[in-house]
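J.: To start, I am sharing the structure in question, which I have written as structure tokens.
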Amino acid sequence: MEMLLSGRGLITSIIFFLLKFSTAVDIPLSVQQVPTIIKQSKVQVAFPFDEYFQIECEAKGNPEPTFSWTKDDKPFDLSDPRIIVSNSSGTFKIPNEGHIAHFQGKYRCFASNKLGIAMSEEIEFIVPNVPKFPKEKIDPLEVEEGDPIVLPCNPPKGLPPLHIYWMNIELEHIKQDERVYMSQKGDLYFANVEEKDSRNDYCCFAAFPRLRTIVQKMPMKLTVNSSNSIKQRKPRLLLPPPESGSESSVTILKGDTLLLECFAEGLVDIENSSNDVVNFIQKRKVLTPQKKHRRPTPQVEWNKMGDDLPKGKETEVNDGNTLKIENVSYQDKGSYRCTANNFLGSATHDFHVIVEEPPRWTKKPQSGVYSTGSSGILLCEAEGEPEPTVKWRVNGFPIERNPFSGDVITSGEISFTNVQPNHTAVYQCEASNVHGMILASANIDVVDVRPLIQTADEENYATVVGYSAFLDCEFFASPEAIVSWQKMEEAKPLEGRRYHIHENGTLQINKTTEDDAGSYSCWVENAKGKTAVTANLDIRNATKLRVSPKNPRVPRSHTVEFHCESKCDSYLKHSLKLFWSKDGEAFEMNGTEDGRIIIDGANLTISNVTLEDQGVYSCSAHTALDSTAEMTQVTVLEYIVEFEGNKEEPGRWEELTRVQGKETTVLLSLAPYVRYQFRVTAVNEVGRSQPSRPSDHHETPPAAPDKNPQNIRVQASQPKEMIIKWEPLKPMEQNGPGLEYRVTWKPQGAPVEWEEETVTNHTLRVMTPAVYAPYDVQVQAINHLGSGPEPQPVILYSGEDLPEQPTFLKVIKVDKDTATLSWGLPKKLNGNLTGYLLQYQIINDTYEIGELNDINITTPSKPSWRLSNLSATTKYKFYLRACTAKGCGKPVTEESATSGEGSK
């Protein structure tokens, strides 16, 4: 077989190569070696709709490995007639029959031969039960209006994930809000019931998507009795449950999502409360007129004690009852407090969050091949929280059963000195903590063999003159080996800058010549002996190209045809392919879509040549061994006709048209009422010629305008007026004497007559009855010979004014150094809203005021703002003004105080 090689290489001066194996290397299977597990199952779930379940374990080794299994750390019988065992590996299948639950457990595969035992990671086989709610009679629940109540779900255990829903018998979701909340466990909490909560079909549904199963709890009946007197009370936490006390610990794994939940009962009757109560609730909640009769639940607020909540990671969901932190890191550990407030008091609970982590590798042991008497090291390090325990195994057994004299063994390292054949084994490192165990294996093979060359003898190679040749000599050797190459007719090894021997034994010959053809020998030698193979190298002729015509000059609109003549080695003709490109961009196989450029093998045809066709064209040839390219440059010839006739800029020449090189006359399209002069410039591949002498003057007759002004707009103006402006026509566009502009306008879409005024300049001031009102505006050009085309109306707005004050301003959230404000849009904007001016200052009960601070808010669509760096336990007054381009209107005000240190 002839192997085709090509490529340019580095030039070094090496005549042999010394190789020592002490790191991971693939050992040929012809060499005795310990087993290596090459495939194994992960967690396997026995879904009821599958026909069978396969637990995989495949391994390689010499002698060929035999397989055994453990289940829950006890020997597992592969002769069990209820399973199907593979003849070629340790894989077995469990048919999905009535006994499937018997096989649930944790499995481990062992592949062994006389040199060692490889051990798989633990494979868990899960047989999930079909989840069911118990068939039970649920007693009706009866409570008084305003009382709290919990509807338990107690979902059955099943394969995660689990999704819980509360619905009625018609499968309509039970609405949840600040008063009604479903906990993470699935229980439905009512902070204070209302008469509308009475129903006899509260149903808890548990969905197990991986099992394709949804189960339903028996319906529950809830009756709410009306009450004439509602007991107002301060908050009491229902979640966490009262028995958990005022604080609890939560352990979360790094990278998981932390969910902390607080839900409180306790209410205030707003309808019968004092103004102080209403003001308190208004500052903490949005209290609309529609909600004045309600008895709101306590508001839950969150903070991290001694620190800020994680920026950009925390979100409050479920009306603030749940604090959610995604992708938890060690920085998120600490104490979090939820506080439930109403006018009568507050209730708090502290969560002490502990962040832990399963083991993960920082250094894994690496397999290696060693020769007798050498030394080596295995490293094994892992991180986690709690800190993982690291243990070593040899062939699946604790290393204490396999002491090696002279070796140093610690939890993270095994150091070998004077390696002997009995060191050959599979070494396993286990790292574990309470959250899991990870396993890493390293094969140590102590091998002393004569070199084994894995490249076939008498292999044929070929390359092209001037290219690099690569002759393979892949081998395995232990102990260390020396690789050398020589040409058959020469007695000494190859030497010189053109030769380089790679680590894998490959010989690279750079800048080959015809004299490099012939047979070569690769010799590999170590202390156990030497081996050789022969390689044959053929040198082929390089591919050559010639493109014609060379660098043609083509008149525009003409056709040019190129031919690419190729010459290559007879052995390479079957692989020769030609490609065309322009300026480095390849053409499609058949040319362009419009058919103007056609490629037919070695021929390229361009018809109707344009200036865009000018450039460098390349024909490229590719064979199995080499590639080359030949270029030609196309220059398009033409004439440029220029004119001068602008009355405002005499002496300025502008391009009018371009004419292909073979033409000597051209028909020009000219504008009316212009005194023209013309000149001509020739263009070729070098560049432009000097222009010709100008022609005599030629004046065209006048005509009516054939275009209207563009860019009609309103310039900043006073309220109830429009200053209309437009781009005037250039002298070359006026077409005749007496240019004027007819301006017409009317309220947008109104069925009224157009108002009209004619002006000679390009500005008109119009008074309007309304502020910032839309108008249809038209501007038409006219001269002594007639009017321009019928104009299209544009929509312009009359002048802006100051906006009215925002409809409301509220402080919706405060803590020790921040305040969040929310507001409503002004009833009348009187213009395009550009933003808001927010001002604030410190005030006190004696009406002393501090310095006024300004904040310009340039996002008018966002009706809220969070102020930071405020002083704790301090009263502030806030002013908010809406702004247009005209300025900022009257302010709306609000007062609020920040909270004390460490509280919300």
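From the backbone N, Cα and C atoms, a Cβ is placed for every residue, glycine too.
A quick note: this is a predicted structure, and the numbers were derived from the prediction, not measured.
Per TrEMBL, the features are:
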type     : residues : note
SIGNAL   : 1-24     : signal peptide
DOMAIN   : 35-124   : domain 'Ig-like'
DOMAIN   : 128-223  : domain 'Ig-like'
DOMAIN   : 235-356  : domain 'Ig-like'
REGION   : 289-316  : region 'Disordered'
COMPBIAS : 304-316  : compositional bias 'Basic and acidic residues'
DOMAIN   : 359-445  : domain 'Ig-like'
DOMAIN   : 451-538  : domain 'Ig-like'
DOMAIN   : 543-635  : domain 'Ig-like'
DOMAIN   : 605-703  : domain 'Fibronectin type-III'
REGION   : 685-712  : region 'Disordered'
DOMAIN   : 708-801  : domain 'Fibronectin type-III'
DOMAIN   : 805-902  : domain 'Fibronectin type-III'
J.: The domain 'Ig-like' (451-538) and the domain 'Ig-like' (359-445): do they have three or more Cβ pairs under 8 Å, with pairs 6 or more apart in sequence?
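T.: As far as Cβ distances go (cut-off 8 Å, pairs 6 or more apart), the domain 'Ig-like' (359-445) and the domain 'Ig-like' (451-538) touch.
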J.: Please give the sequence-distant neighbours of the region 'Disordered' (685-712): residues at least 6 beyond its ends with Cβ less than 8 Å from one of its Cβ atoms.
T.: 551, 553, 633, 635, 640, 642, 644, 653, 670-679, 724-729, 733-737, 739, 741, 762, 777, 779-789, 791, 794, 796
J.: Count up the helix, strand and coil residues in the domain 'Ig-like' (543-635) according to DSSP, in that order.
T.: 9 helix, 50 strand, 34 coil
J.: What counts of helix, strand and coil residues does DSSP assign across the domain 'Fibronectin type-III' (708-801)?
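T.: Computed counts for the domain 'Fibronectin type-III' (708-801) are 3 helix, 47 strand, 44 coil.
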